[in-house]
Each structure stands twice: as structure tokens, then as C-alpha cells.
Amino acid sequence: MALALVLNSGSSSIKFQLVNPANHATDDPFVSGLVEQIGEKMGRIILKIEGEKVVKEAPIADHSAGLSMSFDLMTEHGCGPSQVDIIAVGHRVVHGGILFSAPELITDEIVEMIRDLIPLAPLHNPANIDGIEVARRILPDVPHVAVFDTGFFHSLPPAAALYAINKDVAAEYGIRRYGFHGTSHEYVSSRVVDLMDKPAEEINTITFHLGNGASMAAVKGGVAVDTSMGMTPLAGLVMGTRTGDIDPGVVFHLARNANMSIDEIDNLMNKKSGVKGLSGVNDFRELHQMIEDGDQDAWSAYNIYIHQLRRYLGSYMVALGRVDCLVFTAGVGENAHFVREDALAGLEMYGIKVDPERNKLPNDGPRLISTDDSTVKVFVIPTNEELAIARYSAKFAE
């Protein structure tokens, strides 16, 4: 069985899967793994091999050690790199800037180009590069492919992509809307073609990727025309710990009046804000329970979250002119029926009618949650970025 190794390397963790690129969307990966607490006193490797869970705790010095130890553990259970047919390695890379609009075969030159983009993604691209360099050393004889979160949004028209800031400054420092979660938005907007009785080029879709990080996209005939995240993943919707859209003047206000440094403000807006900053939690199950218990902070946080979803929904309905379907995906989008219900409440005049019973069904594959007479079809489609990356990567092994 030909397999692709898919790597998502973070600052202190590595997520990976061994995936058959020929899998159906609902098929489980052959192996999934998580290396966490890299560089701390004690780290942990969690493997799931054909449904069986394997856990190992040990100090993990760096990404190289984490991946090597994971491969050793896989070998102990009969699925190491020398025991299975790995035909390609796909790497999730957060930021491709304006340089990369499609997956790229990784070479030394490509690595340096990704390194040059670190100022645009200082929290993510360095870790992505670590994963690339480690994997290329361990698996030097298979193609390694970079798949960029930003790639799907290279099609944004100038009116959506450019900011009203001095054009010379923007050009010098790469200031523009790049968008993120592109692999997920592209995946679910292509999957919806299987559920609609129309060719892809005739389908206008609004996609909701709602996880701890959250974004929306307007997709016209399979091509992205707008998205909520911007130059960074901080913009747009209210998120688990991120502010989403906020007046840039808040940064100046905090610097001048709270004597906060740029790094402190960065940390505040990325890690201590959003739903958690407003309510104390960023798990929507906890938030929902707090609301039912009468917690006013939780209620306020939820209302702000829903308000922002509806603002972007209205904006994208106008941008597209005609909307054929809405798609919810990712952790919150797939599992929080109350978010979907409240985000779309009262929109019957626009042809959006959610079926309450369908909406509350458990998350079990792609499904329609709108009524039969809803002009705009509403779907829940589980995202599968790993399968998408595996398929992109396998093409380079053909």
C-alpha cells in the first residue's frame, strides 16, 4: 500500500499521519501521531495505529529527536518507514506569501524561500522549516512537498487582497491579505460539488472553518474571492484566543497608556483574547454549559462571536451575488449545532432555512442540515486537510 507521510510541525509539537492518498474522505489514516512538549523536561508521543493507541513518555530534545523517536516507535509496531511504502512526504506550511500559489516540490532553494517569509509568519514558518529539514534528513529518497495554507487565496481580486495603506510601504513589507486555512476551505468547497447537482464552476459557496482558529471564505465557481483572515491569522472572526478584527488604534492606545511592548500586545491579542479573553474558556462545550448556567460573560462572548459570523456572512452574500450553499467545517463548525443554528437564525428571507432535527444529528460524515425547500443548501462537511495534503504530495511521486 502506497502511503504519504503528512507533517504539521509546530513550535513545540509535531502532528503527523500516514495516509493512503486513495482513501475516501471518511477513511481513517493508517497511522496518526502527535509529538508534544518538545524541549520540556518530559515529552510524549501518542500513536494511533489502525485504531490501537500507543503512548510513550520520554524527554524529547528537539524536532529531530521527536520524529526519530516516533519512527522508532512505529517500527516497533511494524509500521516504520522501512516497513511501509512511503512514496512522498507532505508538509503543511502556514505562509507562502505571494511566492507560492500551489504545492511545491521542496528543494534547498524552496526552503530558503520559505525562510525568507519568516517575517510574515514568525510563530509558524520557523517550526515548519524545522519539520522539513528533519524529515528530509530522515527520509532523503522520497519527494518532499510543501502545501501552503495561503495558496488557495492567491486568486483574491485586488479589491479584496489589498489594504488602504501607503502602496510603497505595502510593497516593501509585503502588507496585504493572504488568508489562511486555505487547504481546508479548498477541500470542503470541492467536496460540496459531490453533494450538489451542478458543475463546480456554477457553484457559489461560503465556507465556515470554525475551530480554535476560525475563518470564512467566499468561493465563486471554485475560486476564492474573499476571506476573513488577513496578512496574519489574527484578523477576521472572533476566535478561541484571538481578537479577530479590531481597530488598529487599540495597539497605539495600549502602547501609550498601558506601557505595553509590541510583544506584549501581540501575546495579548493572539493568546489571551477572543472567546477565552471574554469568558475564561475557549472550549465551546464549556462555554455552552456556562451560558446554560447563567454566566453573563459567557453569554456576551458567544453573542460577539455569532455577531461577527453574521457580519461576514452578509458581506460574502453581497460579494457573491448568488449563494448556492454554505458549508460548516472544523471542530466547532462540525460539532456545535447551536453555533450553526444561531449564525443562520432568521435568514429565511434570503433562502436559508436550517432543519432543526437535521442540524442536531451527530457529526458523521458530510450531511445536509437545511430544509428540502431551502434555496441555499447548508452542509456540514468534516475537513480533512491531511488527506488533501497527501493527495497533493502523491502527485509528485507519479
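Even glycines carry a Cβ here, placed using N, Cα and C.
Here is what Swiss-Prot records for this protein:
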type	residues	note
BINDING	N8, E385	Mg(2+) binding site
BINDING	K15, H209, L210, G211, N212, G213, D283, F284, R285, G331, V332, G333, E334, N335	ATP binding site
BINDING	R92	substrate binding site
ACT_SITE	D149	active site, proton donor/acceptor
SITE	H181	site 'Transition state stabilizer'
SITE	R242	site 'Transition state stabilizer'
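The maximal spread of the ATP binding site, taken as the longest Cα to Cα distance among K15, H209, L210, G211, N212, G213, D283, F284, R285, G331, V332, G333, E334, N335, is 24 Å. Using R242 (site 'Transition state stabilizer') as the reference Cα, a 10 A cut-off selects N212 from the binding-site residues N8, N212, R285.
Among the recorded positions R92, H181, R242, R285, the residue whose Cβ has the fewest other Cβ atoms within 10 Å is R285. Its Cβ taken as reference, N212 (ATP binding site) is surrounded by 17 other Cβ atoms within 10 Å in the chains shown.
Considering only the binding-site residues K15, D283, E334, no residue lies within 10 A of E385 (Mg(2+) binding site) on a C-alpha to C-alpha basis. Around L210 (ATP binding site), taking its Cβ as the centre, 28 other Cβ atoms fall within 10 Å, counting all chains.
Here the CA atom of N8 (Mg(2+) binding site) lies 26 Å from the CA atom of R285 (ATP binding site).
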